[in-house]
Each structure stands twice: as C-alpha cells, then as structure tokens.
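The feature domain 'ABC transmembrane type-2' is assigned by TrEMBL to B:40-273. What TrEMBL records for B:45-68, B:80-101, B:131-149, B:155-178, B:185-203, B:242-265 is transmembrane segment.
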Amino acid sequence: MRRMDSFAVVAEGVRKRLGATQALDGLDLTVPEGTVCGLLGPNGAGKTTAVRVLTTLLRADAGRALVAGFDVADRPAEVRYRIGLAGQNPTVDEILTGRENLEMWGRLYHLGRATARRRAGELLDRFGLAGDADKRVKHYSGGMRRRLDLAAAFVLAPRVLFLDEPTTGLDPRNRNEVWQAVRDLAASGSTVLMTTQYLFEADQLAHQIAVIDSGRVIADGSPDELKSMIGGDQIDLVVRDAADLAEAARVLAAAAGAEPGADPDARRLIAPVRDRIGALTEVVRELGERGVAVEDVALRRPTLDEVFLSLTGGKPEHDAGEQGAGKQAVGKRVAA
Amino acid sequence: MTTAIAPVIPRSRVQRLYWTFADGCVIARGNLVHLARNPAAILNLLLYPIVMVLLFGFVLGSAMNVAGGGDYREFLMPGMFGQTMTLGVMTTMVIVTNDAARGVTDRFRSMPISRAGVVLGRAVADMVNSVLELAVLLLCGLAVGWSWHRGLGNALTALGLLLLLRFALIWVGIYLGLILTPESAAAAWMPLMPLTMLANTFVSPELMPGWMGALSEWNPLSATVAACRELFGNPGWGGDSWAAAHALPLAVAWPVALTLVFLPLSARRYRRLAR
C-alpha cells in the first residue's frame with residue numbers, strides 16, 4: 001500500500017449514481033500535498049460530483065476517498081476542519097459588507113469574536129479587498145465576489161481547498177484576479193483541487209491535470225506531459241480525388257505508425273507524427289511516387305481544444321474516430 | 001502578524017450544545033441584518049398588515065356578518081393574526097430554497113458546524129420576524145377598534161398560541177424548502193393563500209356550505225384563531241362542532257403534532273442531501 005500521508009487527496013474507484021446517471025464511474029485520483037490539481041472535463045463529466053464527494057457533501061456508493069488523510073465517509077468531521085470549499089456560485093451575502101461576511105464565516109468556524117475579526121482583516125488584505133472591505137457585497141464586481149468567496153473558504157487556512165469552476169462567468173480581468181489569488185494560495189502551501197472546463201485555465205494554474213469524462217479520469221499528468229502525449233504535431237493532408245483516399249491512408253499510416261483519422265467528405269486525412277519533418281518528407285515522396293495528387297498538405301500542431309475534445313470523446317473539426325480510439329492508449333501512457 | 005487560527009473543536013456534550021446556540025445566534029443575526037438593511041422588506045412588513053386590515057376590515061367587512069353577532073373587525077383581527085403566522089411559512093420556505101440554490105447550504109454542510117445550529121439560526125430569525133409582524137398587526141388592530149377584553153394574561157396566552165403555530169410551521173417550511181426549487185417555493189403562495197381562508201379566519205364556518213364549513217372547522221389554523229378569539233374575548237368563537245368546542249386544546253395539539261411530524265422529516269431530508 002502506498003503511503004497516504006503525502007497525498008492531500010486520494011480517491012480509489014469512487015462510484016456515485018445520481019438518479020439515472022452514473023456520475024462517477026470508478027474515479028481514481030491522487031493529488032500530492034501542496035500542489036494544484038486541475039480537474040478538467042466537459043459539462044456532465046462528473047467534476048462537480050467528484051468535488052461533492054470529496055468535500056463530504058455526497059456519500060459515494062462505492063470506492064473510498066481520503067482527504068487530508070481522513071476517510072470522507074468515516075471521518076467527515078475531521079475532513080471538514082481541514083478543507084475549504086468555494087462552489088460554482090459565490091455564497092457571499094450581498095447585504096453584508098465584505099468584512100461582515102468574513103467575520104460571520106470566521107465565527108461559524110468557531111474562531112471566537114476577536115479572532116474572527118482579526119482573521120477577516122488579514123484575509124481582506126491577502127485577497128486584495130482591504131479597500132472595499134466595508135462596502136456591501138452587492139456593489140462588488142464578479143471577480144471581487146469570487147475572491148471574497150475564496151477568502152471565506154480560506155478562513156481556517158485549510159490544507160485542501162476545493163474550487164468548483166472558480167472563474168466561470170468572469171471577464172478576463174476578473175479571471176486574472178482570481179487566478180492570482182489561487183496561485184498565492186498554492187504558494188502558501190495549500191493543496192488546491194479545482195475543476196474547470198478550460199484547458200487554458202488548467203494550464204495556467206495546475207501542476208497536474210486530470211482529464212475526467214463519464215465519471216472517470218481518462219488522462220492524468222502534468223500539463224507538459226499531457227500536451228506532448230496527445231498534442232504532438234500532425235500531418236494534415238487533403239487529396240484531390242476521393243478515390244485516392246485509401247491509398248493515401250496507407251502511405252500516411254506507414255509514415256505515422258498509426259491509422260490516420262479520415263474525413264472522406266473533405267477528402268482529408270490526419271495523423272499524429274513524432275518525427276515531424278522526416279515523416280512529412282516521406283509522405284510527400286511516397287504519394288508522388290504512387291501518383292496520388294495532393295491538394296494540400298501541412299504539418300501542424302493540434303490546438304489545445306482539439307486535444308481536450310479528442311480526449312473527452314468529442315469530435316473536433318477534422319477528427320474521424322482515430323483519436324478517440326487512441327484515448328485509452330494515451331491514458332495508460334500518461335499514467336504509467 | 002498572522003493570526004493563529006485555532007478553531008474551537010467542541011468535544012463534550014455541553015460544549016456542543018453551547019456552540020449549537022452560538023452558531024444559531026450568528027446565523028440568525030445575519031438574517032436579521034438583512035431585514036434591517038432592506039427598506040423594501042421593512043415597508044412590506046409595515047404595509048402588508050395595514051392594507052389587509054383596511055381591505056378586510058372596511059372594504060369587505062362592511063358587508064360581513066359574524067355568526068352569533070358582534071363587530072366584524074373584532075372578529076377579523078384574530079383571523080388576520082393567524083393568517084399572518086401561517087403565511088410566514090413562505091418566508092421559511094423561500095429562504096431555505098434560496099440557500100440551497102445559492103450554495104450556502106453546501107458551504108454549511110462542508111463546514112465543521114453543528115447542523116442543529118444552522119436550523120436553530122433559521123428558527124430564531126423566523127420567530128423574531130414573526131414577532132415583529134405580529135406587533136405591527138396588533139397596532140393596526142388597536143387602531144381600527146379591536147382590543148382584548150379578558151385581561152393581559154389571556155391576551156399573552158393567545159399571542160403565545162399564535163407563535164406556537166408559527167414555530168410548528170418552521171419545520172413544514174424547512175421540509176418543503178429542502179424539496180422545492182426557489183421558483184416552485186414562490187408559487188406555493190397560490191395553494192397556501194386559499195388554505196388560510198378555508199378556515200374561520202375571515203368568515204364563520206357556520207355560514208359556509210356544509211362540507212366547506214366542516215373542512216374549515218378542522219383546519220389547524222381555525223383551532224388557533226378560535227382559541228385566540230376566546231382568549232381575547234372577541235366575538236365568533238365557539239360553535240356546535242367538536243373542533244370548535246375544543247379550540248384551546250386543539251390550538252396546542254395541532255402545532256405539536258405538526259412539529260412532531262415535520263421536525264424529524266426535515267432532519268431526515270437534510271441527511272439525505274448526501275445521497
């Protein structure tokens with residue numbers, strides 16, 4: 001058995017059915033202490049359910065989960081002293097001022113009146129809200145509300161912070177403010193588990209990205225690992241005559257070492273390649289020798305969105321199934 | 001400069017009880033600040049009883065008879081008190097659904113605070129709110145000629161019965177609030193309003209068609225209102241039916257029964273949020 005105490009979060013085979021949906025279908029995840037983990041996935045992938053199980057809000061049907069070293073099912077009270085949760089909507093109270101909000105949460109965390117007041121002041125400074133501390137929250141911007149909500153989740157300086165889509169609905173400036181707050185939290189030693197729909201966001205903040213789809217983690221690694229695994233260069237080829245597609249596919253497969261994806265309507269083939277220039281040269285030469293007329297050929301880097309879509313089973317523009325079939329392989333490779 | 005953050009972790013039963021009350025007070029205070037800072041809510045609190053007393057006391061009241069005789073406005077006011085207490089269930093329900101929708105309930109549940117404290121805070125805030133509503137309504141009543149005639153003790157007992165009904169309805173409101181969405185909770189006004197009138201609140205059940213009168217006699221609200229009329233010495237209490245003749249014990253029994261049913265149901269529902 002692994003040593004569990006160096007991990008802030010450990011989930012093993014967590015399953016949870018919500019109504020007719022298998023929201024979590026064997027979720028495995030480990031987050032080392034002091035790192036930021038981005039739980040990335042499309043709507044309905046199970047991100048929020050995962051957070052709800054890990055924050056003791058939902059009881060899993062099967063599997064087990066440890067947070068800050070305690071089992072969420074058996075020792076929820078211990079877990080609750082060591083976590084902070086900022087949900088999808090800020091739970092700040094509009095009628096109260098920022099300071100009053102934090103004092104209230106501090107008192108509910110049983111800090112006592114004086115300590116709660118001092119702590120509120122510190123948090124307002126830390127999250128850049130000191131100047132607006134005594135304004136009512138209804139006059140706050142979206143980013144300020146989110147930061148106040150983060151501050152509320154951080155009252156006890158928890159070991160693990162759970163942030164569920166912390167920037168959804170924010171404009172870029174507000175989003176950057178929240179990102180900076182998350183970076184600061186991580187720098188101060190807290191472990192952060194955040195869900196997001198945006199690869200870019202995970203890329204900006206996370207040490208580790210776990211791509212989640214249909215209730216399980218399908219790829220897990222550092223942003224660089226993920227990108228190089230699935231985001232290598234690919235050859236994008238369009239033949240002039242649809243009759244040549246099969247022939248071109250054979251050539252491309254030989255050069256790339258994998259079946260290319262095909263979009264017959266556009267007479268297009270796509271294959272990921274490792275040896276960029278070598279493969280391109282080989283493909284062009286082979287096609288020329290076999291007399292296959294090529295309308296367009298290019299070497300290009302998949303966009304991050306394509307990487308994400310291909311992993312989560314969506315169909316990017318030119319994809320035709322090949323990348324979907326490759327997703328298990330990627331998952332295994334990255335996890336290995 | 002960083003504050004040592006050491007939350008008090010209640011270990012003994014006494015400590016837990018203390019923190020339950022402390023949490024309740026903090027939550028109730030937050031809720032009451034809302035009322036104090038929201039001019040619209042205050043205006044509503046003042047205006048609603050004034051409008052209703054004028055509407056029912058004078059517009060409709062001019063054509064109303066009281067079974068057994070007596071001044072209609074004297075008859076009306078206990079009915080208005082009872083109706084206001086009953087409609088208070090809307091406040092509880094709407095706040096509970098809003099808290100759930102805004103994620104406040106989730107944050108509470110992810111925190112190491114007593115569940116009972118959260119509910120206690122809700123209950124205290126709602127009761128304070130209802131006492132204020134009742135006070136405003138009482139003044140309105142006095143202004144239109146209503147009064148109590150059987151001594152302060154009886155009058156206070158009547159107010160106690162009204163608040164007992166409100167207290168029982170907190171649990172109904174929390175239970176329904178945990179089931180409904182904010183939209184459907186707001187729509188609950190529609191079925192609730194007639195239910196407060198299908199009672200002895202505005203019209204003596206003897207004057208209604210037979211089946212309707214019987215339903216109205218047995219409405220829990222009728223027991224409280226009839227008992228209040230009796231204790232205040234206002235006209236229109238008593239009657240031939242068993243329910244009307246035993247208004248006082250029923251005015252205690254109904255709220256106790258509602259609490260016994262809906263308090264455990266609410267607690268169960270709250271635990272089941274984890275399902």
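Positions of Cβ are set from backbone N, Cα and C atoms, glycine also.
Where the annotation comes from TrEMBL, it is an automatic prediction and has not been curated.
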Original post:
Can at least 3 Cβ pairs under 8 A be found between the transmembrane segment (B:45-68) and the transmembrane segment (B:155-178), with each pair 6 or more apart in sequence?
Top reply: no
Original post:
List, by number or range, the same-chain residues at least 6 past the transmembrane segment (B:242-265) whose CB is under 8 A from its CB atoms?
Top reply: 161, 164-165, 167-169, 171-172, 174-175, 200, 205, 217-218, 220, 222-224, 226-228, 230-231
Original post:
Taking pairs 6 or more apart in sequence, does the count of Cβ pairs under 8 Å between the transmembrane segment (B:185-203) and the transmembrane segment (B:80-101) hit 3 or more?
Top reply: yes
